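Comments concern the structure below.
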C-alpha cells in the first residue's frame, strides 16, 4: 500500500516537473516562472488597488499627507502610488511592522510592497529568459539584453532611495509622479550634465534611429520570389533557411548614400551592433543614476565665463541652474523655505 502511494506521489510530481520545464508548451513556465507569476500577480493587484483606493500618505514625514488614489480626487494623469514616508527612511517596512493597517497605509507601506514584489518578478523574468535559452541550446544574449532595463529599474527604485537615505525619494508610481521625479532629479543632481546620462540618451535615440534605418533597408531590399502580380510576402515561410533580403545591396545603398564605413556586410555583426548599442547605453544610465544617488552629480559650469573685468557672462549652464533653483524651491515647499543644498 505504501509503495503504491509512493509511486502515485512520484508520478504526480514527475508530471508537474515535466510541465514546468517543458519547452513544447504554448507558454514556457520554468522554475523561475514558478516565482515570476505569483510575484507579478501580487504586485499588479496591489498596485491597482492602491491606485484606486489607497488613503493619503505622509510622504515628507511632516504630518501633511499627499493623496495619490482615484478615490481621493485624482485622475489617471495625477494618480500614483505615493512613496513611503520620510519618517520610515530606508527601513524595511512590511505590514507586520506597523501597529495597524491604517498606520501602514498612512506611512506608504504599499509603495515598498509593490516595488519590491515587482523587482523580484522582473529578476525572475530575467532568470526565466536564461533558463529557457539554456534548455533550447541558445546563447544567453536575450538574457543579457534584458539586464539593461532590470539594472535601470533597480537603480531608480532601490539604489537611489538608499543613497538618498529614504524611500520617500523614490519615483512615485504614476504618470505625473514620474515627471515630478524627473524634474526634482534634475534640480538636485543636474542629471542633464552627467556624462553617463548623456551616453544613455545617445543610446536610446541612437538605437531608435538605427532600428528604423535597418528596418527600412530590409523592407526595401526583399528578394522577389513571386510573380509581379503576387504579394512579395507570399514568397517566404517562417523559419526558412534562405535569405529574405539582400544585405549587400541594402548596405551598399546605405554606404553610398551616407558613409562607406558605416555600413555592414555581415548580418551577425550588424545585429550585434543593433543590440549592443542601446543595452550598453542603458547600463551607463543605470551607473549614472547610482552615482548620483550618492550625490556624485552632473558637471557644474555655473558662472564659469568671465569677461576682462571679472564680471560673469551668463551661459546656458547658468540658465539651467536658475531653472534648477526654481524647481527645488517648489519641491517639498512646506519642508524647507530655501534649498540649502543649492544656495
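Residue positions begin at 1 at the first shown residue.
Here the Cβ of each residue, glycine as well, is placed from N, Cα and C on the backbone.
Sequence-distant contacts of the transmembrane segment (28-45) (same chain, six or more residues past either end, CB-CB distance under 8 Å): 19-22, 113-114, 117-118, 120-121, 124-128, 130-132, 135. The annotation transmembrane segment is assigned in Swiss-Prot to 28-45 (among others) on the grounds of sequence analysis.
Residues annotated as transmembrane segment in Swiss-Prot, with sequence analysis given as evidence: 117-132 (among others).
Within the chain, the transmembrane segment (141-155) has long-range Cβ neighbours (under 8 A, six or more residues past its boundaries) at 119, 122-123, 125-126, 129-130, 133, 275, 278-279, 282-283, 285-287, 289-290, 293. Positions annotated as transmembrane segment by Swiss-Prot, on the basis of sequence analysis: 141-155 (among others).
Within 10 Å of the Cβ of residue 160 (site 'Tyrosine radical intermediate') there are 22 other Cβ atoms, across all protein chains. If you look up Swiss-Prot, you'll see 160 marked as site 'Tyrosine radical intermediate', on the strength of sequence analysis.
The annotation [CaMn4O5] cluster binding site is assigned in Swiss-Prot to 169, 188, 331, 332, 341, 343. Residue environment of residue 188 ([CaMn4O5] cluster binding site) contains 20 other Cβ atoms, counted within 10 Å of its Cβ in all protein chains.
For 196-217 (among others), the entry in Swiss-Prot reads transmembrane segment, with the evidence type sequence analysis.
Positions annotated as chlorophyll a PD1 binding site by Swiss-Prot, on the basis of sequence analysis: 197. When secondary structure is read from DSSP and collapsed to three states, residue 197 (chlorophyll a PD1 binding site) falls in the helix class.
The quinone binding site annotation in Swiss-Prot covers 214, 263, 264 and rests on sequence analysis. For residue 263 (quinone binding site), the same-chain residues 6+ apart in sequence whose C-beta sits under 8 angstroms from its C-beta are 251, 252, 254, 255.
According to Swiss-Prot, the transmembrane segment annotation covers 273-287 (among others). Listed as Cβ neighbours of the transmembrane segment (273-287) (distance under 8 Å, sequence separation of 6 or more from its ends, same chain) are residues 141, 144-145, 147-149, 151-152, 154-155, 196-197, 199-204, 206-207, 210-211, 214, 264.
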160, 169, 188, 197, 331 screened against residue 214 (quinone binding site), Cα within 10 Å - retained recorded positions: none
From 160, 197, 264, the recorded positions whose CA lies within 10 Å of that of residue 188 ([CaMn4O5] cluster binding site): none
Binding residues 214, 263, 264 (quinone) - maximum C-alpha distance in whole Å: 11
Closest of 160, 197, 264 to residue 331 ([CaMn4O5] cluster binding site), Cα positions, recorded positions only: 160
Secondary structure of residue 331 ([CaMn4O5] cluster binding site) (DSSP, helix/strand/coil): coil
Chain-mates of 214, 263, 264 with C-beta within 8 Å of site centroid, quinone: 213, 217, 247, 250, 251, 254, 262, 270, 273
Spatial neighbours of residue 264 (quinone binding site) that are distant in sequence (at least 6 apart) but have CB under 8 A: 247, 251, 270, 273
